[in-house]
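Provided herewith is a single structure, encoded as structure tokens, for subsequent inquiry.
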Amino acid sequence: MAFALILVLGIITPIFLWLYSWYISAVPKHFVKSGTKLEKKVTTNLRILQQKYHPSWWCPFGTTQTIVRQIFRDCPELPFQREIVEFEDGGAAGIDWLIPEGSDDTTPIVIFLPGITGSTHDSSYVLHPVKEARDKGWKCLVVNPRGLGGVKLRTTRTYNAATPHDFAYIAKMVNERYPEARKLGCGFSMGGMILWNYLAMSGEQADLDGGMIVSSPWDPMVASDSIECFIPQLIFNRFIAKNLVDIVRPYRELFKDMVDFDEVISSTTVRGFDKSFVTPMYGFESYEAYYKMATLATKVDKIKIPCVTLNSVDDYFSPVQCIPTGDIMNSDHVVGIITNHGGHTAFMESADPNARGMVEKLLSQWGNLIFHDYH
């Protein structure tokens, strides 16, 4: 009897999941100002907006997609070339170039910003889009924050979502080195927050020609509330907090006079880490003040170059009620895309966790728009 029940469930469950994945498939919602140049170019170039997003049949749910991509997606070995960027304050960061054969000083460049604790070689959600861009013949640059990517901290300055000055320094450096090449910034999660805040800070003076923001929280306070609920706290939040703690743990002597280091290393949430470490290190009055400064939702009108954002309804890290769709539809420069499923940076479509997904398709189509059609 038990064997028969297992056999029946083994047959019925895949059929149910397959049927369910087709049932929930839908064309992504998108928000763009009518009558603008951006709307015209988006309509012409972004074919994904006319096609149903069909989540992986065996993994259609956002939480499982996020986990599967994180655990089972490989990190391909790519022939990056390491460069050390020396900042004026004595700090340093490692950036990694991937240069396709036949490129020159006019070859388009995609600059990638990983998520909150990610770096070049351990972030599959970055490496697969890098492969996509490389195969298009574009140069790729992955920007690792201070203290990550194998470069040790030299000063007490680390990184956060609200102060994108390190990225501004690197973007300017790249633009001065390759003035004739078009450049696209592509940020994931917190990397997208840094990119967005850089674009808002720079306005028309940005050293980029376009931006792409994937799964970034629009309001850090609401996002923190969301990931502190039972399931995301158990599955995601405490592990991210541990990774943040592990980044600074070797530097007790460096930070001990500036923060309560015992409180820092006891953090079990991202909010707890931000409150005990980021807030005092950067001189914010409170973590609430930091989150307000880092918020994306209030800055749509400050974005002055074409920028696409991608979010999913079932992403705990970026509650969609925070997305300012009204402001986006009044912007000449921003297009927002929202899918019903896709999780956090995952957006799986195939049964294979390593297969090309919606992020790679969007990068290819948006990159073509920015590099070859918009300007």
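Even glycines carry a Cβ here, placed using N, Cα and C.
Just so you know, TrEMBL annotations never went through curation; they're auto-generated.
Source: prediction; values computed, not measured.
Annotation source TrEMBL lists domain 'AB hydrolase-1' at 108-221. Per TrEMBL, the feature active site, charge relay system maps to S189, D315, H344.
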In whole Å, how far does the CA atom of H344 (active site, charge relay system) lie from that of D315 (active site, charge relay system)?
5
DSSP on the domain 'AB hydrolase-1' (108-221): how many residues come out helix, how many strand, how many coil?
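The breakdown for the domain 'AB hydrolase-1' (108-221) reads 46 helix, 21 strand, 47 coil.
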Work out how many Å separate D315 (active site, charge relay system) and S189 (active site, charge relay system) at their Cα atoms, rounded off.
11
Counting across all protein chains present, how many other Cβ atoms fall within 10 Å of the Cβ of H344 (active site, charge relay system)?
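Summing over all protein chains shown, H344 (active site, charge relay system) has 30 other Cβ atoms within 10 Å.
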Taking the Cβ of S189 (active site, charge relay system) as reference, which residues of that chain separated by at least 6 in sequence fall under 8 Å from it?
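Those within reach of S189 (active site, charge relay system), by Cβ under 8 Å and sequence separation of 6 or more, are G115, I116, V214, S215, S216, P217, F317, H344, T345.
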Can you tell me how many other Cβ atoms are located within 10 Å of the Cβ belonging to D315 (active site, charge relay system)?
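Counting Cβ neighbours of D315 (active site, charge relay system) within 10 Å gives 29.
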Taking every residue in the domain 'AB hydrolase-1' (108-221), what is their average pLDDT?
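Mean per-residue confidence for the domain 'AB hydrolase-1' (108-221): 97 out of 100.
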